[in-house]
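Novice: Below are the structure tokens for one structure; questions will follow.
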Amino acid sequence: MASLDRRALLRSLGGATLAAALPAPVVGATRTDGVGSVVILGAGIAGLVAARELEQRGVDVTVLEARERVGGRVWTLRGGDSFTDTDGTTQRVGFGDGLYLNAGAARIPSHHDGVLGLCRDLHVPLEVLVNSSRSAFIADADGPLRLRQAANDLRGHLSALLEKGLRAGSFDQTIDAPTRKALESFLTGYGDLAADGHYGGSARSGLARPPGAFDEVQQAVAPRTLDQLLANPNLAGLLFEEEIYMQATMLAPVGGMDRIPRALAASLRRPVVTGADIVEVRRAGAGVGIVWRDAKGGAQVVRADRAIITLPLPVLAGIKGDFSAPVKRAIAAAHYQDTVKVAFQSRPFWEEQQVYGGLSFVGGETSVIWYPSDRFQQPQAVLLAAYMALDAAKSFAARPIPEQIALARAAVDRIHPGHGADLQSPVVVNWRKTPHNLGPWLDWHADGNSLDDFRLLNQPDGPFLFAGSHLSQYSGHWQEGAVLSARRAADALVPLPANVTPRHA
């Protein structure tokens, strides 16, 4: 199921300016080997956090970013934005005012203290992200099935089976009498069973008729049979919210995920150099020399004592680098996965079906429909009509963009019949074709990737250090990994004394 979860979902500038106080240097930080200057390649979360950490420790920092924005995979698209894929296809975003799509990172688990701490320290306001709604659907051969019915009917049937076994004495050699009695009592409530241990349906699964003002008594929906439920290939979508990284409460910045990198960049003493296309990474004596070109093609060189490289490995593989042979091989060998998002502006017709946030599990190439958690009951919203990863994304992305859009519409029509026509202003984001990324994340345990390479790239290569979520235990899936990897790199260059508490504000 873990792979299915990733397939379903495991799967930046504009807006109001966010200001933050400049960080004060940390008293007591000790520079290692005379490290007084560092150049950081990439202004994603890892690069920006590393820069902030090092500036706090008195280091002179230069951040180079090839894009004209900060954030890396934290990328928020708004009306009027345009972007061009590596194949030359250009799309212009036609969303209305106040609408946006988090094209990359889109949620923050409540246990990701690193990212949430940054939001607190940088005054980035957060809102609850509804990651799961029992009012959403699972695609089924008999029509859309509410998640609440799938979950509660399945629970009821399984509880009834276990209860039957208990009454028949099937577990008498396994559990003692007091435990059996306690389990029987629990199963009655857990599965909403009748007194005889039978499951005949439950109001938990939904109401065919809601309660009225006087004599209109509520009536539960007719239960699906266990055979019907287990025949549904999308039933495993019920486990999505059980994954540790998908459990409530989930959070997101108000107004778009790019509020975080924008605030980080604003907190730095020296502005990020954007439009800096890295050409070559050199050793220069005991330090480094980074050759980059600006938008006009002019070549420039930045020299520093050390470099922290946060670029995605497929991008770094295309840059001339003065790395050791094993490191070059590890960079070139890294294989990133695929993911695609297809979004539309629409009137929120799903709210008419009592869906506010969460995901519907469609299966097939389009995988899921993800409903917005902001702007409830407003005239327009942005619906993520398709979001897939791994082989499904690769197959989907091989189709022409108009066909991808048509498939996403059809997926919405399957769950919300007749509403595919409501979808307007389509946007397709294919991370394999996104310049300066060339992929969303990687799995060090699969796709021919090597844990030995992971370990190697987490060590310095002369004056070069590498950082990023892809070099954390999160394998590039979460911003938290970028924060932790960046702080590890900063600590390696300028360790803090044991008696100094790190300042991340």
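Glycine is no exception: its Cβ is also placed from the backbone N, Cα and C atoms.
Predicted automatically and left uncurated, TrEMBL annotations should be read as such.
If you look up TrEMBL, you'll see 45-493 marked as domain 'Amine oxidase'. Residues or ranges marked as FAD binding site in TrEMBL: Glu65, Ala66, Gly104, Ala105, Ala106, Arg107. According to TrEMBL, the feature substrate binding site maps to Arg107.
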Novice: Taking 10 A as the limit, how many CB atoms besides its own sit near the CB of Ala66 (FAD binding site)?
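Specialist: Here the count is 19.
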Novice: Please give the greatest C-alpha separation between any two of the FAD-binding residues Glu65, Ala66, Gly104, Ala105, Ala106, Arg107, in angstrom, as a whole number.
Specialist: 25
Novice: For a quick check of packing: other C-beta atoms within 10 Å of the C-beta of Gly104 (FAD binding site), how many?
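Specialist: The answer is 24.
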Novice: Over all shown protein chains, what is the count of other CB atoms within 10 A of the CB belonging to Arg107 (FAD binding site)?
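Specialist: A 10 Å sphere around the Cβ of Arg107 (FAD binding site) contains 19 other Cβ atoms.
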Novice: Judged by the number of other CB atoms within 10 angstroms, which among Ala105, Ala106 is the least packed of the binding-site residues?
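Specialist: Minimum Cβ neighbour count within 10 Å, taken over the binding-site residues Ala105, Ala106, occurs at Ala106.
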